[in-house]
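Take a look at the structure set out below.
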Amino acid sequence: MNCEDQAVDLCKAIDLCNVSDNTISHPTPAEEILPRDGLQLMDGDQEEQDAAVLTRLKDVHLKDDALHTKNNGSIAVSADPVNGSAGDLQQSTVEEPLATKCSVGDVGDDGEMDIGVDLSLDENGVLEFEPTAQTQSEESASSCENSLISDTVIELHSQEPLEEHSVDVPSETVPAAATPVVEEAGIKHGLKRVTFPSDEDIVSGAVEPKDPWRHAQNVTVEEILNAYRQACQKLNCKPIPKVLKQTQDLKDLTQRNECLDLKGEKLDYKSCESLEEIFKRVQFKLVDLEQTNLDEDGASALFDMIEYYESATHLNISNNKHIGTRGWQAAAHMMRKTNSLQYLDARNTPLLDHSAPFVARALRISSSLTVLHLENSGISGRPLMLLATALKMNMNLRELYLAENKLNGLQDSAQLGNLLKFNYNIQILDLRNNHILDSGLAYVCEGLKEQRKGLVTLVLWNNQLTHNGMGYLAAALPFTQSLETLNLGHNAVGNEGVHKLKDGLISNRSILRLGLASTKLSCEGAVAIAEFIAESPRLLRLDMRENEIKTGGLMALSLAFKVNTSLLRLDLDREPKKETVKSFIETQRALLADIQNGCKRNFILAREKEETEQKMRLSASMAEIATEDQTHEEEEEEEASPLKKIEEETTDALKDATQESSEVSENQEPKDQESTPQDDSDSDTEDEETPTNTSLTSTSPIPIPAAADTSKTIPSTPPIASPAVISGITVTEASIVTPSSPGRCISVSSPGRGHKIFMVTRVESPPEQQQTSIAMLKSIQPSAITDIKAPSQTQNSTQPTEKSHAEKTPDAQQEDSVSTSTPSLDANIDQTQLTESVSEEEQKKAETLNNEADINEDANTGAPLPNGLKPEFALFEFEGAKPASCIMEHVSVTAELSCGQDLEELLLDASLETSRDAP
């Protein structure tokens, strides 16, 4: 067979093997002769495809026919790189031109072909191929990048045209293989690329959690009962009669019901599972599971339900000794996850070493739990250490009960002391019936010193304390500002311990309740406690039962009640103690009765004080100024009786004007300062309260401040047919504290806004001129209510007028200026003319007649002055020779100041003299 036939058969064989047209095609004449430059390596996918093509061309007897084809001649197709080996080609980053050639019958000296693949004809004339060396063919295939499919030129030693017998890769494969060598080398060295979708495409979907209370909407009691019965039937357990009855009694299913009481019921796992039909539809305030014989499975199921459905705010799991580790783990998960649980009672439920870490981890996270009962839970040692460490960071727990846990005085007490140093949120710490001892009390007191605003109640009942430990407690009490209840009952404190404790109790100002029951006290200790009672202004309750307190101690306690007004309850033994003298027994009974009466008295005082505080709070919320009708009704009710007495006192005082002083003030009913508060006012001196007994018209002292009063004011009322009251203004004559002083104090209360009260101080005229004024007063009609006093014509008349002007408030000055209208000014002019023409006595008579006419004219007109004052007030103060009313005093002061006097100095002197003369 010649070379031409073999080449034709090779092309047919490739076509029969379903080689695609993209792999083998006829090249152009130029491509047959010249090698193609710039040929790129194929990618990995193309290599696999080409390897599959070669595999389909293999025969089963490759190795046996290889030698035969070498002897008979073969067509060798080689694709050797020009510049180097296959290894050099892989490492090179620069593309090298490839030269491919096809030689027929070129065999080396050793009889082997220098290509990777041999194509030969077997005995039957079937074209076969076999790699000369399998390893060489694999290396050639990988290094040359499938050179058989790349640009291949077949050289034939024949005279036939080259274009009819050439095999080449078509030009369409060149762009596909034109990938940079750098990227191909990077992929081959294992550099992979990972891409992620955009943020919007990452989450393909979401599922909302199921609503735990989806079954509780529009549900009825019958539906709940039916669901519970069906659950019991499905679980093959009997319905609990107590559950059926309590469910039947449910009223409002939209709110939390009071209680689900399962106390004493034996709950196994199936019974607990059936309760889910109740919990998923109804919520409760308290779920009582006390002594229900819960095991690990049942407890876990119930706690998971309560956590998921938030079934309870208060949970009682006490007296369940078989909850186990899984039960406590579920309970801890419930405490950590639920937001509704506030109270957990786990007394008499063991919390052992392997369960304590779960509870500690739950308490470290600030959950909603505020009250935790762990009495008799066996938490001494490591469990207490874990709990105390966790509670240092807890911010919500308020009450911690650790009674009857056999806490010792070393390690456990040290943990409690450290807890008190760091946690300022615990308000109640109950350590009763433990073994704290005096050594442990020292640790607790170290932490107690840091509790300046946290701990309120500390119970150390029955902790084997003695008088030695009271020293630590007495040293800590002055530092505690929040401790209100201290219970030291059933400890051997003794008289010596009470003496040590007394100083600390007196220094402490926060203790309200003190428990000293059964502390081995006698009369000596009772005397020390009595000293504390007398010094304490806040103590409310004291328990001294089961102590040998006899006559001497009871006498000291009884005397202490004469000073103390705060102690409301003192617990003592009802029966008197045995005495050697029989009469002392009756004395003890009498003293006990006195102590009881003292408690009752303090209780009444406390109740009155509380009512007073309530009234003060109410008055603070009311309007500052009441309506005139309301105040008028209050005036008629409260002041009916004092008015008559005021009139009588005023009549007597007018007859003896030389030694009596007048006081113009509002009339108000005296009040008990301890039981009735004073109303608020707008006075600038609300805080100045100096009660003085200056009025003789009332049964109890009326509080009158030195400068301005804050007491209740009464608006003006219609004139009463009395010589003492005109237009709501009351004139009260009272004796002054210093009778030697000729001054007179007039207190005027304005019924307008602000309840202003001002003082007017005057100096009396000499006695001879006052007698003349009294004679003139008798000639005036009784209806004219005036106090006529002739002032001296010397400096004594000018100085009090200046004082009165200095003492007046702006409201009073405004009233005076308004009152200086035509009646008063006309009177002044007429009086001036009379002094020039008539004698002194005729002048006095004329002034008296003119003033009387002015009073009648003002009474007829009744034109009120500002703040409700009527013009009668303008005629209230005038004396003998010239009118001396407040208005005329204002005019005279102005005239005197124009003569060169300094106004500021006069006001200062007037205020100083007023402060001395005023009561």
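Cβ atoms are placed via backbone N, Cα and C, with glycine included.
According to Swiss-Prot, the repeat 'LRR 1' annotation covers 340-361. Taken from Swiss-Prot, the feature repeat 'LRR 2' covers 368-388. Feature annotation from Swiss-Prot assigns repeat 'LRR 3' to 396-417. Residues or ranges marked as repeat 'LRR 4' by Swiss-Prot: 425-445. What Swiss-Prot records for 454-474 is repeat 'LRR 5'. The repeat 'LRR 6' feature in Swiss-Prot is assigned to 482-502. Look at Swiss-Prot and you will find 626-716, 790-866 tagged as region 'Disordered'. Under the heading compositional bias 'Acidic residues', Swiss-Prot lists 631-640, 677-690. The compositional bias 'Basic and acidic residues' feature in Swiss-Prot is assigned to 641-658. As annotated by Swiss-Prot, compositional bias 'Low complexity' applies to 691-701. If you look up Swiss-Prot, you'll see 791-801, 811-837 marked as compositional bias 'Polar residues'. Residues annotated as coiled coil in Swiss-Prot: 833-861.
Here the listed stretches are 340-361, 368-388, 425-445, 454-474, and the one with the most C-beta pairs under 8 angstroms to the repeat 'LRR 3' (396-417) is 425-445.
Long-range Cβ contacts of the repeat 'LRR 2' (368-388) within its own chain (Cβ-Cβ under 8 Å, at least 6 residues beyond either end) map to 318, 335, 338-353, 356-357, 359-360, 396-408, 411-412, 415-416, 418-419, 430. Contacts between the repeat 'LRR 4' (425-445) and the repeat 'LRR 5' (454-474): present, as 3 or more C-beta pairs lie under 8 angstroms, all at sequence separation of six or more. Note on the repeat 'LRR 1' (340-361): residues 290, 306, 310, 312-321, 323-325, 328-329, 331-334, 367-379, 381-383, 386-387, 389-390, 401 of its chain, located 6 or more positions outside it, place their CB under 8 angstroms from a CB of the stretch. On the 0 to 100 pLDDT scale, the model's mean across the coiled coil (833-861) is 51. Long-range contacts of the repeat 'LRR 5' (454-474) within its own chain (CB-CB distance under 8 A, at least 6 residues past either end) are made by residues 403, 420, 423-438, 440-442, 444-445, 448, 480, 482-494, 496-498, 500-505, 515. The DSSP breakdown of the repeat 'LRR 6' (482-502), given as helix, strand and coil counts, is 9 helix, 3 strand, 9 coil.
Mapped onto DSSP helix, strand and coil, the repeat 'LRR 1' (340-361) counts 6 helix, 3 strand, 13 coil. Residues of the repeat 'LRR 5' (454-474) grouped by DSSP class, helix first, strand second and coil last, total 8 helix, 3 strand, 10 coil. Broken down with DSSP, the repeat 'LRR 4' (425-445) shows 9 helix, 3 strand, 9 coil.
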